[in-house]
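K.L.:
This is the structure, below, for whatever I ask next.
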Amino acid sequence: MAMEIGEDEWKVCCGSSEFAKQMSTSGPLTSQEAIYTARDIWFNQVNVTDWLEAFSAHPQIGNTPSPSINSDFARRSVSEQSTAFATTSASALQELAEWNVLYKKKFGFIFIICASGRTHAEMLHALKERYENRPIVELEIAAMEQMKITELRMAKLFSDKAKVISETDSSSSPVSTKPQDRLRIIGGHLNVAAEAKAPKRSRPPITTHVLDVSRGAPAAGVEVHLEVWSGTTGPSFVHGGGGVWSSVGTSATDRDGRSGPLMDLVDALNPGTYRISFDTAKYSPGCFFPYVSIVFQVTESQKWEHFHVPLLLAPFSFSTYRGS
């Protein structure tokens, strides 16, 4: 069911004013449409200042929220850290507080992690591990963690609003007893589910960008090639398997490090095994890696999702992750 949600409600999901404003003007949205819209706004529309505003709305991990913070936001933060508070001690909280100070001094913003279901030890380990990152890499990771938090809060928001609507309808509408009425209601639910499952895309389902972490800047002019595996069996780790890689599309990164379209704009992505390759030698002749290839799978249940597969490149190392 598509819902109209106000700016204040969106700001409980994410502390960025610009994010909340853009989400409120994008509705009405179904829960699935809201996820795709939120990801697009967060990663492609708002700027770094908006990211930092969202980060600053959170209490530091291990701390209770300040009374000055929005009460609904504060209650969510306490709930999300409940597992951590239940698995810690005074001395452990002190160690976490000390690492929080070190982290903020290095990066300029507080440590952001999707705390829901995580123990104190897990979060402290993640903090220590991420402390070693370069600032520009850590900023991206923090933005991704914020999106995870936002999506969890959005799911709760839609669930709560749907419950209110359901209770209102059941108290104000007569009970339908005719078989044809029951069929009409069931059909309506099925149609809503189908609509929610197939949101209209605003960009191709597979995208990428390249970040040169040695310079702390986007890598422009990197040739990118996307392929899909064609064969009766999947590709083998050693021998390649019974099939071939078929070209889907080629592009190059722009000054922001983002590639052009690598495939057509389709709503449903064909399930299968994909390979995205980067001509790193042409971009950086002294690079240890002449090219980088990343292989990933898309299942039937994921065909409506977006796959952002970036490359974080340095002369002697690289990393990747699945973004949104």
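Note: Cβ is positioned from N, Cα and C throughout, glycine not excepted.
Not my notes, these are from Swiss-Prot:
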ACT_SITE  HIS58  active site, proton donor
BINDING   HIS58, PRO59, GLU80, PHE111, ILE113, ALA115  (S)-allantoin binding site
REGION    2-29  region 'Required for BRI1-binding'
REGION    2-161  region 'OHCU decarboxylase'
REGION    178-324  region 'HIU hydrolase'
MOTIF     182-190  motif 'Internal peroxisomal targeting signal (PTS2)'
K.L.:
Tell me, by DSSP, whether ILE113 ((S)-allantoin binding site) is helix, strand or coil?
P.N.:
coil
K.L.:
Between PHE111 ((S)-allantoin binding site) and HIS58 (active site, proton donor), how many Å separate their Cα atoms?
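P.N.:
Counting only the Cα atoms, the answer is 9 Å.
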K.L.:
Around ILE113 ((S)-allantoin binding site), which residues of its chain at least 6 apart sit with Cβ under 8 Å of its Cβ?
P.N.:
ILE61, MET123, ALA126, LEU127, GLU145
K.L.:
Please report the three-state DSSP label of PRO59 ((S)-allantoin binding site).
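P.N.:
The three-state answer is coil.
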K.L.:
How big is the Cα-to-Cα gap, in Å, between ALA115 ((S)-allantoin binding site) and HIS58 (active site, proton donor)?
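P.N.:
So the alpha carbons of ALA115 ((S)-allantoin binding site) and HIS58 (active site, proton donor) sit roughly 11 Å from each other.
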K.L.:
Just to be sure I understand, if DSSP states are collapsed into helix, strand and coil, how many residues of the region 'Required for BRI1-binding' (2-29) fall in each?
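P.N.:
Computed counts for the region 'Required for BRI1-binding' (2-29) are 15 helix, 2 strand, 11 coil.
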K.L.:
So for PHE111 ((S)-allantoin binding site), how many other CB atoms are inside 10 Å of its CB?
P.N.:
25
